[in-house]
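Taking it in order: structure first as structure tokens, then the write-up.
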Amino acid sequence: MSEMRTLGEFIVEKQSDFPHASGDLSSLLSSIRLAAKIVNREINKAGLVDITGAVGTDNVQGEEQQKLDLYANDKFKAALEARDQVCGVASEEEDEAVAFNKELNKNAKYVVLMDPLDGSSNIDVNVSVGTIFSIYRRVSPVGTPPTQEDFLQPGHKQVAAGYVIYGSSTMLVYTTGAGVNGFTYDPSLGTFCLSHENMMIPDEGKIYSINEGNYIRFPTGVKKYIKYCQENEPSDNRPYTSRYIGSLVSDFHRNLLKGGIYLYPSTQSHPQGKLRLLYECNPIAFIMEQAGGIASDGAQRIMDIKPTELHQRVPFFVGSKNMVKKVEEFLELNRD
């Protein structure tokens, strides 16, 4: 049996992969690890304490905030602010980016963007949820307050990205641009242990993930692609299997392991799409590309899009290389 490696050991071991290695990024990832453990503990008590359900307020997107959304947001912010690597965060749950103004954070080199609890509306029915994070080097001068430009960087500028999935087991999956690795939380040890090394997605899959309840509102190209997935064509393993949980992290994680495509296109009610470029699409795209897949808005690479606002939305197609290319073909041939 190979020797078990913890997340902390793995981070230190890989520190030399960074051209500007100083230990800062390693410490930042350790902060995320700590916050994930705290949130995981609370999620596991969600049915026993008064932390499920809505709080009666909406976030900047007009979505009802859940108690655990705010709890996770506070815990991740606190963990990141407590060390000197991060000068500010932008969160799906915050209207504006938050600058850390303590003396401790004055010379910080990084900003973090996050969806602190993706799929939180599923908590009450015990469906897996997750945290998504994205890390950039700031572009404003170190020693000054962070600016909007620090957060509005294209995805190809990310130095690290990852997600935590809180499910039957809790996993942290991340990349720093040198492959994708997954760590499973061992509650008996209180630590994450390397369980999925060098994760790669197959070029072809048999799963397509989309909310087909919105079918009538989809672009023609997406409708035709869904029909393509359902056709009986044994020569290329069709029909595909439809699997949709409604939690981005959960659907993405399954497809990453098994091969498949996740689709969240534009609709008549959301012509720009519904998923957020900065908090969801860019970090997931970075992970997918590092695992050998593709992430697209249907016409261009997700990580080439230059953001114009913090809560910008985009259509999102991510997964096995050949499957994403195929849906792009359908969209190109069937422009509404």
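Just so it is clear, glycine is given a Cβ too, placed from its N, Cα and C backbone atoms.
Record features, source Swiss-Prot:
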type	residues	note
BINDING	GLU92, ASP115, LEU117	Mg(2+) 1 binding site
BINDING	ASP115, ASP118, GLU280	Mg(2+) 2 binding site
BINDING	ASP118, GLY119, SER120, SER121, ASN211, TYR244, TYR262, LEU263, TYR264, LYS274	substrate binding site
Exercise for review: List, in sequence order, the residues of the same chain other than GLU92, ASP115, LEU117 whose Cβ lies within 8 Å of the centroid of the Cβ atoms of the recorded Mg(2+) 1 site.
Suggested key: ASP69, ALA72, ASN73, SER91, GLU93, MET114, PRO116, ASP118, SER120, THR131, ILE132, TYR279, GLU280
Check your understanding: Could you state the CA-to-CA distance between SER120 (substrate binding site) and GLU280 (Mg(2+) 2 binding site) to the nearest Å?
Key -> 14
Point to revise | Cβ contacts of LEU117 (Mg(2+) 1 binding site) (under 8 Å, same chain, 6 or more positions away) | key: VAL39, GLN66, LEU68, ASP69, TYR71, ALA72, ASN73, VAL129, GLY130, THR131
Point to revise | Of ASN211, TYR262, TYR264, GLU280, i.e. the binding-site residues, those within 10 Å of ASP115 (Mg(2+) 1 binding site) when Cα atoms are compared | key: GLU280
Practice item. Provide the number of Cβ atoms within 10 Å of the Cβ of ASN211 (substrate binding site), excluding the reference atom itself. Key: 15
Check your understanding: If you take the centroid of the Cβ atoms of ASP115, ASP118, GLU280, the listed Mg(2+) 2 site, which other residues of that chain have their Cβ within 8 Å of it?
Key -> GLU92, MET114, GLY119, GLY130, THR131, ILE132, LEU248, VAL249, LEU275, ARG276, TYR279
Review point. Near ASP115 (Mg(2+) 1 binding site), how many other Cβ atoms are within 10 Å of its Cβ?
Key: 29
Point to revise | Cβ neighbour count within 10 Å of GLU280 (Mg(2+) 2 binding site) | key: 26
Study note, to complete from the structure: GLU280 (Mg(2+) 2 binding site) falls, by DSSP collapsed to helix, strand or coil, into helix
Review point. Within 10 Å of the Cβ of SER120 (substrate binding site), how many other Cβ atoms are there?
Key: 27
**Study point:** Spatial neighbours, same chain, of ASP118 (Mg(2+) 2 binding site) - Cβ under 8 Å, 6+ residues apart
**Key:** VAL129, GLY130, THR131, ILE132, TYR163, SER247, LEU248, VAL249, GLU280
Check your understanding: Could you tell me the C-alpha distance between GLU92 (Mg(2+) 1 binding site) and TYR264 (substrate binding site) in angstrom, no decimals?
Key -> 18
Point to revise | Cβ neighbour count (within 10 Å, all chains shown) around TYR262 (substrate binding site) | key: 26
